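Notes follow the structure.
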Amino acid sequence: MVTALSDVNNTDNYGAGQIQVLEGLEAVRKRPGMYIGSTSERGLHHLVWEIVDNSIDEALAGYANQIEVVIEKDNWIKVTDNGRGIPVDIQEKMGRPAVEVILTVLHAGGKFGGGGYKVSGGLHGVGSSVVNALSQDLEVYVHRNETIYHQAYKKGVPQFDLKEVGTTDKTGTVIRFKADGEIFTETTVYNYETLQQRIRELAFLNKGIQITLRDERDEENVREDSYHYEGGIKSYVELLNENKEPIHDEPIYIHQSKDDIEVEIAIQYNSGYATNLLTYANNIHTYEGGTHEDGFKRALTRVLNSYGLSSKIMKEDKDRLSGEDTREGMTAIISIKHGDPQFEGQTKTKLGNSEVRQVVDKLFSEHFERFLYENPQVARTVVEKGIMAARARVAAKKAREVTRRKSALDVASLPGKLADCSSKSPEECEIFLVEGDSAGGSTKSGRDSRTQAILPLRGKILNVEKARLDRILNNNEIRQMITAFGTGIGGDFDLAKARYHKIVIMTDADVDGAHIRTLLLTFFYRFMRPLIEAGYVYIAQPPLYKLTQGKQKYYVYNDRELDKLKSELNPTPKWSIARYKGLGEMNADQLWETTMNPEHRALLQVKLEDAIEADQTFEMLMGDVVENRRQFIEDNAVYANLDF
């Protein structure tokens, strides 16, 4: 068992004077969504990240190297670190111990004054007080000054004054809390995998820190994972490229600071065609990119072109590579730490600090240029790969023009098979990608033509994992999708131009249907990933069975549901079961009622919880290495629904 308290630690003047107070907690319980995004399962897990982020802040400041997260019985969460321990002396303005102020006053914390932490994570600094306000119970133990201090709270209200409960030779903080079921009405049960994925990501992003996750809810089956990466994001890139063929053995790695901005970049090219670029600012995944990404891309393109021309690999200036060309087959991670990050964009996941662009550009270009001149063989391979990508880009240009839709209102350029909806408001519009023309006919007849568009897809689309953009854009089904969506593709992609905010994959419930679904998801992940990140991609859930008893009809979506229904129904009158092999077997009314009607249907939203897992899965299922795919199928066949 790991204990995350520290034996010896420098407390470095981290005291009550550095805890600033901005405002009270009154609004948090009334409008929790404003502070944690939602009160769904996602918001529940966000509580854990707020506490863990405070421990990470201690680590970033150099005072902690062990963090432990435990899911206890009844879904209590315990987070322990071996930092300096939250200050316990009296905070001057409030006249209360600093630890109590941090846990009861909104935006009170070392991260706001500049004197406590140079850099802090904590998504926009919501803080421990919000977790306290939204918890049925919370308790804190502080190991500091050779003393253990303790205080407990209910719904954010202290139950007694901070008290001394023992002596200790360690330093650090332990926080235990149980989310309030009155607030989190959807669920208060934590998902181990969700916590595990983010904890692994945090361990990659903060090299040298050991983060342990343990699940003690089942005494007989305690689960534990511990993550510690001395290589940091360099190890992250190696893991992402695990199923690929790297062009150079070691990732190119830089870790430097300039103007109080810490820049860490790892990059490795592989023989594939897809670009995999992940960016972070203060441990927050910046899905929408930002100035750190801009600076990196600008430097990469400039340096590769300069090297290609000066080394005569590229013959003339007109052979210049575009940014997209230079990133083909690239896996890269950019992580910056900034004292005052400015987040913008639709989901507040785009870095806006203009000064970061120049710092990243300068630091990366100097390092990358040196790498190319010191490794001429690797440099030649990378430049030649870019030249091949440029040729494919030129070939793809005409095909790309064909897919371009001028605006959401531009009907003339729409594909012929598309039955569009009449509404021009993307927020309420949805498009169903339907397997086969016959099912397409039924869905066109059964839809709500005001908000629902139908695009039938004939046969299997191209496996984009094994193809360059020019070949991809020559695939008729892919071209029709790109045109219909209106967003463009790859480097031209613009989420703001999306014609539909729901893209629903609707395939048969058989092996072919699953394959088509995987091909479509691979395409979206590799070339239209922002659609997934924005939550626009869904999978329809057509029924598997129709059970008829007299005049009563029941539509059933899985075997478990069928068994339950059969056990509940009276044996008389006699009932019959029909299994649907395909969407085409249902008439328009049945499709509407079971699969398309927003009042009754079930849709699965496609989420990107774990970039590592997603990337490796697509590479394994759709890539060139047959052995990995065979192993995956053998390992997971037991979980599959087999229909003989």
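Glycine is no exception: its Cβ is also placed from the backbone N, Cα and C atoms.
Going by Swiss-Prot, these are the annotated features:
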{"type": "BINDING", "residues": "Glu435, Asp508", "note": "Mg(2+) 1 binding site"}
{"type": "BINDING", "residues": "Asp508, Asp510", "note": "Mg(2+) 2 binding site"}
{"type": "DOMAIN", "residues": "429-543", "note": "domain 'Toprim'"}
{"type": "SITE", "residues": "Lys460", "note": "site 'Interaction with DNA'"}
{"type": "SITE", "residues": "Asn463", "note": "site 'Interaction with DNA'"}
Report summary line: Students should find that the Cβ of Lys460 (site 'Interaction with DNA') has, within 10 Å, a number of other Cβ atoms equal to 14
Query - Of the binding-site residues listed as Glu435, Asp508, Asp510, the one whose CA lies nearest the CA of Lys460 (site 'Interaction with DNA') - result: Glu435
Report summary line: One of the binding-site residues Glu435, Asp508, Asp510 has its Cα closest to the Cα of Asn463 (site 'Interaction with DNA'), namely Glu435
Report summary line: Top of the binding-site residues Glu435, Asp508, Asp510 by count of other CB atoms within 10 A is Glu435
Report task. Count the other Cβ atoms sitting within 10 Å of the Cβ of Asn463 (site 'Interaction with DNA'), across every protein chain shown. Result -> 17
Query raised in the report: Of the residues in the domain 'Toprim' (429-543), how many are helix, strand and coil by DSSP?
Result: 56 helix, 21 strand, 38 coil
Query raised in the report: What's the CA to CA span in angstrom from Glu435 (Mg(2+) 1 binding site) over to Asp510 (Mg(2+) 2 binding site)?
Result: 12
